[in-house]
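Annotation comment: TrEMBL describes 28-501 as domain 'Major facilitator superfamily (MFS) profile'. According to TrEMBL, the transmembrane segment annotation covers 40-58, 82-102, 114-133, 139-164, 176-201, 221-239, 309-327, 356-378, 390-414, 475-496.
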C-alpha cells in the first residue's frame, strides 16, 4: 500500500512538473495577478492621496498684513509617515499570519479571505472622515486604522499567491508564472496614476475656477481614486474561492495522495469523472493528516544548509525594500527634487497634475517594463543571476545619484531615477518574491515565504522612518543609504541556491524524518 502511494505521488508530481503550459496555468496567473494589481494600487496610491488630503484638511491661511494668501498645505511629516507606515505594518503581520495558516489549514481555505479584507477596507478608507469632536479621531487617524487592516489583507496575498502559483506550475515555466503574477504590481501602480489623472481632469473646470472654496472638490478626487482600488478585487474573489487545493499540500500535509492525484487531473486535463464538486476524493480512508509544527520548522532551520537559505531570502528582501519602498512611497516628494509639482506659484491643480505626470512617466518607462523583462528572462537566465544583476545596478545608480545629483542635470537625473525603477523590478523586487516560493519544502513553504516577505516589509517600515528623520532636503544622503542596503542585499544573495530548471522536489533535497515525508 505504501509503495502504491509513493508511486502515485511520483506520477502526480511528474504530471504537474511536465505539464504543457495551458489554460489552467493562465487562469492561475490571472486570478493571482488581479490580487497583486489591487495590492499595488492600494499600497502606492497613498503617495498621491496624502497630497490631496493635506490640501483639503490642512489648508492654511497665510496673512501678509491685510492680504490673505491661500496656499495648498500638506500633512504634518509625522502624520504622513504614520499614514504610509500603517499599511506596511499591517502587511508585515498579514504575511506572517497568512503564511503560517496556509501551511496549517491549507492554501485553498485561506485564499480569497485576504481579498475580502482588502476590498472591504478599501471602501471604508474611501469613506473615512473626521469623527465627532472633541475626543473623536481625525480623518488621518481613521485612515491609519483602515489602512492597517488593509495591509493585513495585502500581506496575506504575498505567500498565498506565490505558493499557489508555484505549486501548480510546471517546471519549465514556473519562474515566468510567478513573475507574471508579481508583475501585475506594475500595472497596478501605473493604473493608479492613470485613474488619478482622469479623475483630476474631470474636476479641472471646478478646480481652476475663481471660487476660493474650490479646493474642497479635491476631497472628492482622492476618495474616488482610493475607492477604485476595490473594483479589480471584487472581480477576483469568486475565482479565488473556487480554485482547488494544491496537490502538493494535499499529499505532503493532508497525506491524501489519491485526492491529490485526482485534483491534478482535474486542473490539468479537466476530464476526470472521479472527482466530486469540491475536489475531494471518494475514499479518504487512508488519509493521514500531518500538520507542520513550529518545533519541526525549528529543527529544519537549525541545519545551516537550510537556515542559510531563509537567512538569504529574508535579508535580501529586507535590504531591497529599504530602497524600493523608500523611493516608491515617497516618489512625489522625490519628484519635487526634479521639478515635478514644485514652485510656489503653482495652483493646486497644477501641483497635482505634475505630481501625477511624474509618477506616470517613471512607472511607464521603468516600473512596468522592469517587471515584464523579468517574466521574459527569469527561466532563461535564472533567478539568482537577475537578482545579482539588479542589486549591482541599483548600488551603482543610487551611489551616482547620491554623490552627483548637483552636477548630473535635470534630464540625466530623471533618466537615472527611471533606470533605478527598471532594475528594481528587472532584478531583486521580482526575484525576492519568486525564490522563497520555490526553495522550501511544501510543509514550510508558505510560512518561510511569509517570513521572507515580512522581513522585506520591516525594511520598508524602517525606510519610512529614515526618510522622515533625514527629510527630503537630505536627498543625497538618502540615496547613499539606499546604495549601502543594495550592497547588503547583494551579499546575502550568495546564500540562495539557483532554482532554474529544477522541480520543487529537486530544489529542497532534504528528507523530513519527523514527518516521514520526502521532498525528492
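The backbone N, Cα and C atoms fix where each Cβ goes, and this holds for glycine too.
A contact between the transmembrane segment (40-58) and the transmembrane segment (390-414) is absent, since fewer than 3 of their C-beta pairs, 6 or more residues apart, lie under 8 Å.
Beyond the transmembrane segment (176-201), the same-chain residues lying 6 or more positions past its ends with a Cβ under 8 Å from any Cβ of the stretch are 25, 28-29, 32-41, 44-45, 48, 161-162, 165-166, 169, 207, 221, 224-225, 228, 328, 349, 352-353, 356-357, 359-360, 363-364, 367-368, 370-372, 374-376, 378-379, 425, 430, 433-434, 437-438. Proximity of the transmembrane segment (309-327) to the transmembrane segment (475-496) is established through 3 or more Cβ-Cβ distances under 8 Å for residue pairs spaced 6 or more apart. The average pLDDT for the domain 'Major facilitator superfamily (MFS) profile' (28-501) in the predicted structure is 86.
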